[in-house]
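TrEMBL has this to say about the protein:
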DOMAIN    9-211  domain 'Glutamine amidotransferase'
ACT_SITE  C82  active site, nucleophile
ACT_SITE  H195  active site
ACT_SITE  E197  active site
Amino acid sequence: MDVSKQKLVIIDTGCANLASVRMAFERLGVQPLVTSQAADIEQADKLILPGVGTAVAAMNNLNERGLVPLIRAAKQPLLGFCLGMQMLAEASEESMSADGSKGDLIDCLGIVPGKIRLMEVGNLRLPHMGWNQIEHDESHPLLKGIPSGSYFYFVHSYALEVTGATLATCDYGQPFTAIVGGVAEHSNFFGAQFHPERSGAAGARLLQNFLEL
């Protein structure tokens, strides 16, 4: 299928800067639809799950909009960004606490293995904000043409532990999952902890690769 003719849906989670995500795909020749409507999500060729803020607020928004069963049942390729990736995990300890301290585990979508934990970075500052390198197996289709060691833009304090579903890692005081891929019946799900839409040429290539899956 011609990438420009794909029906790309950005799921409106109510907790994301959708304008920058939309513009990133428009630069690639795709006109995405931003929606939380079930029919549009079900008929999409590809899905984007964005998110900023806290996991508990994001999961509350998904539940209030009736999106949890829709996302879990998705059969088309889906890519989550930043908090959108974290929502794919089993659970998160991120709470609404103002001081950024650890909270109780809250259930996430349970699509990829592993839990979201507050990063333990020693004397480094949180949030992890800025450019950092990822290490990965360059043979995966999502990472085609992106050399291992490429830089992407991160803004986060919580991260997914490294698991067997990890496609790329990053290190900031500790190793963590930079890109994750679902397994078995969830092999159509992918997540990126960084912001591809703010990551220059490497980020644009990742989005192009996703459109070509």
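A Cβ is built for glycine as well, from the same backbone N, Cα and C atoms used for every other residue.
Note that this is a predicted model, so its numbers are computed, not measured.
Residue environment of the residue listed as 'active site, nucleophile' contains 26 other Cβ atoms, counted within 10 Å of its Cβ in all protein chains. Note on H195 (active site): other Cβ atoms within 10 Å of its Cβ, all shown chains, come to 21. For E197 (active site), the same-chain residues lying six or more positions away in sequence with a CB closer than 8 A to its CB are S20, V21, M23, A24, F81, G203, L207. Computed over the domain 'Glutamine amidotransferase' (9-211), the whole-number mean pLDDT of the model equals 94.
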